[in-house]
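J.: Here's a structure for you.
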Amino acid sequence: MRMLPLKDKAQVGLWSARYIADRINQFAPTAERPFVLGLPTGGTPLTTYEQLIKLYQQGEVSFANVVTFNMDEYVGLSADHPQSYHRFMFDNFFNHIDIPRENINILDGTASDLLAECAAYEAKITTLGGIKLFFGGVGSDGHIAFNEPASSLRSRTRIKTLTQETLIDNARFFNNDINQVPKLALTVGVGTLMDAEEILILATGHNKALAVQAAIEGSVNHLWTVSALQLHPRGLIVCDEAATMELKVKTLRYFQQLEAPELAKY
């Protein structure tokens with residue numbers, strides 16, 4: 001597993017956007033052979049989305065032959081709800097690039113049969129040949145997507161009850177009122193993520209430092225679902241200085257030495 005320790009959130013956003021754009025361009029997608037990209041929501045990826053939009057506007061990347069699958073969605077929120085992940089993605093990314101509407105896939109938290117919705121999502125990913133690159137963030141408790149602590153590391157797309165810590169973290173999007181935060185969500189599973197050809201996880205801020213430590217220095221542990229990346233042949237964590245604060249000095253220096261050519265660009 002790689003870890004790229006950058007200076008700040010701005011560098012993390014710029015580097016990750018260029019990385020995603022490079023992967024798309026190297027793949028040279030067509031309508032018959034699209035690049036399948038997994039996407040997150042939340043505060044961490046916003047800078048990446050801003051930079052991807054700039055790259056698109058500059059003609060450096062096109063999303064015309066990209067198919068996306070979002071990681072998760074709240075149960076019970078309509079697509080036009082201000083805090084739905086549908087709304088987040090269109091407001092912050094999709095409305096600003098050239099991706100066709102039919103190429104966008106987001107779980108429907110208002111589906112009449114939620115289990116069928118999850119099964120259909122998995123089936124569509126499989127039909128398209130799997131996800132090439134899954135881009136995501138990590139929670140302060142180490143969760144990826146809504147795979148909360150103690151999630152099965154072989155889990156698939158399913159309904160998930162959110163932990164108190166996640167509800168508190170997300171209350172900032174609901175007028176700081178934890179009672180407004182939905183208690184259930186639909187989420188891709190850890191197994192779904194691990195099936196991707198490549199996983200790119202971003203971690204920024206002091207509140208992500210314990211999660212980064214668990215992912216890099218800890219053992220594979222279902223209480224820190226991000227630690228499953230240790231088992232992936234192409235797992236990459238990109239973080240800022242604040243998110244490395246719990247790492248041992250020798251661990252941080254090791255990755256700084258490994259990634260010296262990349263770090264020298266910034």
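Just so you know, glycine gets a Cβ as well, placed from its N, Cα and C.
Note that this is a predicted model, so its numbers are computed, not measured.
Grabbed the feature section from Swiss-Prot, which reads as follows:
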ACT_SITE  Asp72  active site, proton acceptor
ACT_SITE  Asp141  active site, for ring-opening step
ACT_SITE  His143  active site, proton acceptor
ACT_SITE  Glu148  active site, for ring-opening step
SITE      Ser151  site 'Part of the allosteric site'
SITE      Arg158  site 'Part of the allosteric site'
SITE      Lys160  site 'Part of the allosteric site'
SITE      Thr161  site 'Part of the allosteric site'
SITE      Tyr254  site 'Part of the allosteric site'
J.: Taking His143, Arg158, Lys160, Thr161 as the recorded positions to compare, which has the smallest set of other Cβ atoms within 10 Å?
T.: Thr161
J.: Can you give me the Cα-Cα distance between Asp141 (active site, for ring-opening step) and Lys160 (site 'Part of the allosteric site') in Å, rounded to a whole number?
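T.: Asp141 (active site, for ring-opening step) to Lys160 (site 'Part of the allosteric site'), Cα-Cα distance: 16 Å.
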J.: Can you tell me the CA-to-CA distance separating Thr161 (site 'Part of the allosteric site') and Ser151 (site 'Part of the allosteric site'), as a whole number of Å?
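T.: Cα to Cα, Thr161 (site 'Part of the allosteric site') and Ser151 (site 'Part of the allosteric site') are separated by 10 Å.
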J.: Taking the Cβ of Ser151 (site 'Part of the allosteric site') as the centre, how many other Cβ atoms fall within a 10 Å radius?
T.: 22
J.: What subset of the recorded positions Asp72, Arg158, Lys160, Tyr254 lies within 10 angstroms of Glu148 (active site, for ring-opening step) at the C-alpha level?
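T.: Within 10 Å Cα-Cα: Lys160.
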J.: Output, ordered by sequence, the same-chain residues six or more apart from Tyr254 (site 'Part of the allosteric site') with a CB under 8 Å from its CB, or 'none'.
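T.: Expected: none.
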J.: List the Cα distance (Å, whole number) between Asp72 (active site, proton acceptor) and Lys160 (site 'Part of the allosteric site').
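T.: Computed Cα spacing between Asp72 (active site, proton acceptor) and Lys160 (site 'Part of the allosteric site') is 10 Å.
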